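Below: one structure, written as structure tokens.
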Amino acid sequence: MDALSQAITSGISSVPYKKNNSSLVPCHGLSSLILRKTRSPANPSSRISSVRASAIQHSKTSASSIDLSDPDWKLKYEKDFEQRFNIPHITDVLPDAEAIRSTFCLKMRSPTEDFVGGYPSDEEWHGYINNNDRVLLKVIRYSSPTSAGAECIDHDCSWVEQWIHRAGPREKIYFRPEEVKAAIITCGGLCPGLNDVIRHIVITLEIYGVKNIVGIPFGYRGFSDKDLTEMPLSRKVVQNIHLSGGSLLGVSRGGPSVSEIVDSMEERGINMLFVLGGNGTHAGADAIHNECRKRKIKVAVVGVPKTIDNDILHMDKTFGFDTAVEEAQRAINSAYIEAHSAYHGIGVVKLMGRNSGFIAMQASLASGQVDICLIPEVPFNLHGPNGVLKHLKYLIETKGSAVICVAEGAGQNFLEKTNAKDASGNAVLGDFGVYIQQETKKYFKEISTPIDVKYIDPTYMIRAVRANASDGILCTVLGQNAVHGAFAGYSGITVGIINTHYAYLPIPEVIAYPKSVDPNSRMWHRCLTSTGQPDFI
């Protein structure tokens, strides 16, 4: 059995600060993370679980390891950050890898069959990205740790530049298109936009001149299950798949060991692997990348973050999120109509969000019909003088109806805990939506107030729809840039949108822990302003 988890250390030497009451506490936004070496099970989902669990264990000394009295601390910090966010390249382990002129040619969109007479070229085109181009990770210059959403390295909130690699086509590439066999896999759960990303990976590969493109069915499982065969992909095959939800390739959780996956890739001749999935799937992709480097084989492994919860670190948003927020409006509006039309009506809507309440927050903000929004990041009481139920009573007395929107991970402290895990190693959550529905009925029965509660869980309806226009554009660009990154020789990277620009990041930096809603952020404050809800503590 392979020891799949490599020791991945992040060298950043400080923890930024956030205001918490009257004291400054470390903020997780840029903290030092250590992925500790563990002996991993044969299932990549188990390896994923161990990586994610160990990643959350922050270095205890990181907050004090930076010497702020050192006059050069900013320079050292920026250098350390640059090292952390440096993206792996195949020349790191294969220094003799040949670089050739890019075949990404927008003058001729139908590549020659066999490249007779050389590769097509955009010699005079100035659309290539320079390898030294960078994107700024943080763009707000906070003046005080007490500012809403502030992430500060020192007590003075000193400005420190943090640059990451800009995504896009490079003038030099490290793979000859006729020698490439590219594979695409989709893992985890469904998410709007999967087919859009698949489509544009295939289309962009063909523009480079790649003819051998396959889809691996049902995620990592497709590498080991003998009953599952590769699906040949081409522009003709994928032309209209974005018009439907789901995944052309199918999805699943779990799979074989990383060693078995890389063995299968070598047998099949796969030298480009595009992995569409969330934190866990990306942890598996990083393990595959490291195994390929260990074997010194020329393979580019590139991730495209897929999480409907929008909980990937550093990125503005992930594909499927905008569609989820838009589709959630239907459920919230239905709950509002049901509640508003009934005598003492209460509508309860449960939305996705295991660890992060972004969908519930933004759907509540967008709808303007939600009176109470409950998310995992913000603790609350159900009972008592400041509890949710007491406020519900006030809403029924003053408005005659109410709508509650809850994220699936909210209120888990009220539910009986189990040790059950899904195939990806995630804890199986209790259904807080059902629980708050039952507690609401019980509470109002005790005070002899008749109510009519309607509970709506649109989770699977939202996951299965096709991407909206906003996500369609995002998926298009992510798919294109994933291919550009692979041909440029980068591996062990993922692509995302950061401050409206597209960038490449090393996978360990985005899977360290889930991104979450900052209760002191302006967006959460806007949500509270919209709902009018009090503090439930």
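Every residue gets a Cβ built from N, Cα and C, even glycine.
Keep in mind that this is a model prediction, so the values were computed, not measured.
Taken from TrEMBL, the feature active site, proton acceptor applies to D309. The feature ATP binding site is assigned by TrEMBL to G189, R253, G254, G278, N279, G280, T281. Taken from TrEMBL, the feature Mg(2+) binding site applies to N279. According to TrEMBL, the feature substrate binding site maps to T307, I308, D309, M352, G353, R354, E408, Y460, M461, I462, R463. The annotation domain 'Phosphofructokinase' is assigned in TrEMBL to 182-484. Among the features that TrEMBL reports, site 'Important for substrate specificity' is placed at G280.
Where TrEMBL records a feature, it is marked here on the structure.
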{"residue": "G189", "record": "ATP binding site", "Cβ within 10 Å": "20"}
{"residue": "R253", "record": "ATP binding site", "Cβ within 10 Å": "23"}
{"residue": "G254", "record": "ATP binding site", "Cβ within 10 Å": "19"}
{"residue": "G278", "record": "ATP binding site", "Cβ within 10 Å": "25"}
{"residue": "N279", "record": "ATP binding site", "Cβ within 10 Å": "27"}
{"residue": "T281", "record": "ATP binding site", "Cβ within 10 Å": "30"}
{"residue": "T307", "record": "substrate binding site", "Cβ within 10 Å": "28"}
{"residue": "D309", "record": "active site, proton acceptor", "Cβ within 10 Å": "28"}
{"residue": "E408", "record": "substrate binding site", "Cβ within 10 Å": "24"}
{"residue": "M461", "record": "substrate binding site", "Cβ within 10 Å": "14"}
Notebook entry, point to check: If we check Cα distances from N279 (ATP binding site), which of the recorded positions T307, D309, G353, E408, M461 wins as closest?
Noted result: T307
Next item on the list: Give me the mean pLDDT over the domain 'Phosphofructokinase' (182-484), rounded to a whole number.
Entry: 95
Notebook entry, point to check: Greatest CA-CA distance (Å) over the residues G189, R253, G254, G278, N279, G280, T281 that the record ties to ATP?
Noted result: 13
Next item on the list: Work through the binding-site residues one by one (R253, G254, M461, R463) and name whichever has its CA nearest to the CA of D309 (active site, proton acceptor).
Entry: R463
Checklist line | Intrachain C-beta neighbours of G353 (substrate binding site), sequence separation six or more, cut-off 8 angstroms | finding: D309, I359, A360, I375, P376, A407, E408, G409, A410
Notebook entry, point to check: Among all the protein chains here, how many other CB atoms are within 10 A of the CB of R463 (substrate binding site)?
Noted result: 20
Notebook entry, point to check: What is the separation, in Å, between the Cα atoms of G189 (ATP binding site) and R463 (substrate binding site)?
Noted result: 8
Note to self: Can you tell me which of the binding-site residues T307, M461, R463 is spatially closest to G278 (ATP binding site)? Compare CA atoms only.
What the structure shows: T307
Checklist line | Protein Cβ atoms within 10 Å of G280 (ATP binding site), excluding its own | finding: 26
Check: Where the distance is taken from Cα to Cα, which of the binding-site residues T307, M461, R463 turns out closest to G254 (ATP binding site)?
Finding: T307
